Structure formats: C-alpha cells, structure tokens
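Have a look at the structure below before the remarks.
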Amino acid sequence: MLNNEYKNSSLKIFSLKGNEALAQEVADQVGIELGKCSVKRFSDGEIQINIEESIRGCDVFIIQPTSYPVNLHLMELLIMIDACKRASAATINIVVPYYGYARQDRKARSRKPITAKLVANLIETAGATRMIALDLHAPQIQGFFDIPIDHLMGVPILAKHFKDDPNINPEECVVVSPDHGGVTRARKLADILKTPIAIIDKRRPRPNVAEVMNIVGEIEGRTAIIIDDIIDTAGTITLAAQALKDKGAKEVYACCTHPVLSGPAKERIENSAIKELIVTNSIHLDEDRKPSNTKELSVAGLIAQAIIRVYERESVSVLFD
C-alpha cells in the first residue's frame, strides 16, 4: 500500500465488471476502499448501474478495460460515466487498461468505419473528463479525443522482469518486433535491456491469419524476446517463434501488455517454440484461457501512481518518459 492519506478525501475509485481484481489491487495500492456501486443486468440484457454512495464534488476514477465481452464492458463504462455526471462528480476520470476497438483506427479499405474514433466520441459525449490508458494499439488514438489522455507504457514493467530473471542474460538477447508497426515498442525494450533488435517481415492475407516471411537482424545463438502490445489468436507470435528457432535462436520468450488470447491462442502457445509468455493483468484472464507457460505481471502500481498524480494535480509524465 502506498499510503492511507486518501481514506477521507474526495478521491473515489470504482470498479465495473471488466477487471475487478486489478481494480481492487489498485485501490489497495492507493490506500482506499473501492467505491460502492452495483452492476446488474435485466432479463433482456439491459445494464443497470447504481452508485451507492455520494460522489458530489468528488474526483471519480472508473477502472474498466473494454476487453471481452467488449460491447458489454463498453456499455457498462458509458452508463457509469453518465451516472457519475448526473450525480455531480467534480471530475470523471476513466482508467482503461485495455482500449477495445483500438485496432480499427483507420480506413484500411473503402467503406470501412473508424470504430476507435467512434468509441472516443461515445466516451466524450457520455461525460468523461480524462482518460488514463495503457499501451494503446496506435498512440495516435489519443488524437481522437479532445479530453486529456495520460498514456502509460507497459514496456518498463516487462523489461524489469527480464532484467530480474536469473535465467536470462540480457547481453545474449535480441528483442524482436513481430512486424514493422511494433519497431518503436521493441526499440524501447531493447534500449532498457541494452540489446540489439530484429524485425520479422510478415504478410497477413486476411484477418486473424498471419504468415511469417523473413527476419531482419542477427538471431543465431541468442535468446529472442518477442514483444507485442496485443496477443489475440497467437498466430503471429507462434509463427514468429518458430521462425526464430529455425534461424538458430537459443530460446524464445514472448511478452505483451494485453493478453486477449482468443480462440485457439492457448493451444497454439502451449504447442509452440515459446518457452515462456510474459503478460500483464491489464485484461482479466480466466484460467481456461491462460497457457500453462504464462507469467502474469501486475500494472496496479503504475495505475495507482497515475491516479494519485492526477488527483494531486501533479505531472504524470515521469511515469512514461
């Protein structure tokens, strides 16, 4: 626990159904109890939210990743924002560890929607005054909002794990980006670990189907660490791991901030060349979706620090610079 000076303050933290364990951990780190609210569903599927304490004049923080089931968790968030606005909260700060629809951030083809922008519009219209996000799939999504966005990074948490692991020598590692779009992320991890980087050139013939083509960088004899922001069906990451093994990698580790792990992901990872998968708890991961070789790291401390700094009107940039 960081401190207990906020127990009788106007700081309120609420959790919806998206990741209650993470929200509780964040509240414990801040040193306050979670706010009292109920989230129920009517028989026809409609959501009913009731805030069970006064929040008039309070700085409210709502923790809710919009992960699976995405639409249900998004509606919970929008309804809670509206409830806080009508209950006269001073500020409504949403903490979104995982931003659903982030991969629909541009018009890849004619007549396609930009759903990431639509979600931003919905959040703002509902009444949110600030968003704390973690590793947005595309950083430019921040530009879809007219409210302040604090964009936290998961790379330092992942990097600390590899630096502290006695079985890994960073001097013998290479950080690998599974595609060209992830080079910036891979470079950040490589800078912290002081390792070289490599890039996998992949082609995706259709959604959720990836084909690894070739590898740019020195791999042979090194421990490869693949880093991505999201692992969904795990097609990309497992094909990348096998390609690295074929190129002479000694061992292959994989890491990501957001373990979506849908469909065949669990089976693919367990049967792949990946020795260990390191993820964060930005998304609640049921045991039946978690591969047996998974290590989960907590982002609660990072989020708790961000909440305290926002509440105290202090700079948040020290957390992601």
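Each residue, glycine too, has its Cβ placed from N, Cα and C.
Per Swiss-Prot, these features apply:
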- LYS202: active site (ACT_SITE)
- ASP44, GLY45, GLU46, ARG103, GLN104: ATP binding site (BINDING)
- HIS137: Mg(2+) 1 binding site (BINDING)
- ASP179: Mg(2+) 2 binding site (BINDING)
- ARG204, ASP228, ASP232, THR233, ALA234, GLY235, THR236: D-ribose 5-phosphate binding site (BINDING)
C-beta crowding around GLY235 (D-ribose 5-phosphate binding site), within 10 angstroms: 20
Integer Cα-Cα distance in angstrom, ASP232 (D-ribose 5-phosphate binding site) to ARG103 (ATP binding site): 11
Reduced DSSP assignment, ASP228 (D-ribose 5-phosphate binding site): strand
Cα-proximity to ARG103 (ATP binding site), 10 Å cut-off, over binding-site residues HIS137, ASP228, THR233: HIS137
Residues ASP44, GLY45, GLU46, ARG103, GLN104 binding ATP per the record - widest CA separation, whole Å: 30
Binding-site residues listed as GLU46, ASP179, ASP232, least Cβ neighbours within 10 Å: GLU46
ASP228 (D-ribose 5-phosphate binding site) to ASP179 (Mg(2+) 2 binding site) - Cα separation in whole Å: 9
Between GLY45 (ATP binding site) and GLY235 (D-ribose 5-phosphate binding site): CA-CA distance (Å): 33
Set of same-chain residues at least 6 away whose C-beta sits under 8 angstroms from ALA234 (D-ribose 5-phosphate binding site): LEU261, PRO264, ALA265, ARG268, ILE269, SER272
Least Cβ-crowded entry, counting other Cβ within 10 Å, from the binding-site residues listed as ARG103, HIS137: ARG103
Shortest C-alpha distance to HIS137 (Mg(2+) 1 binding site) - which of the binding-site residues ASP44, GLN104, THR236: GLN104
Residue among binding-site residues ASP179, THR233, THR236 with Cα closest to the Cα of GLY45 (ATP binding site): THR233
Between THR236 (D-ribose 5-phosphate binding site) and ASP179 (Mg(2+) 2 binding site), the C-alpha gap once rounded to whole angstrom: 9
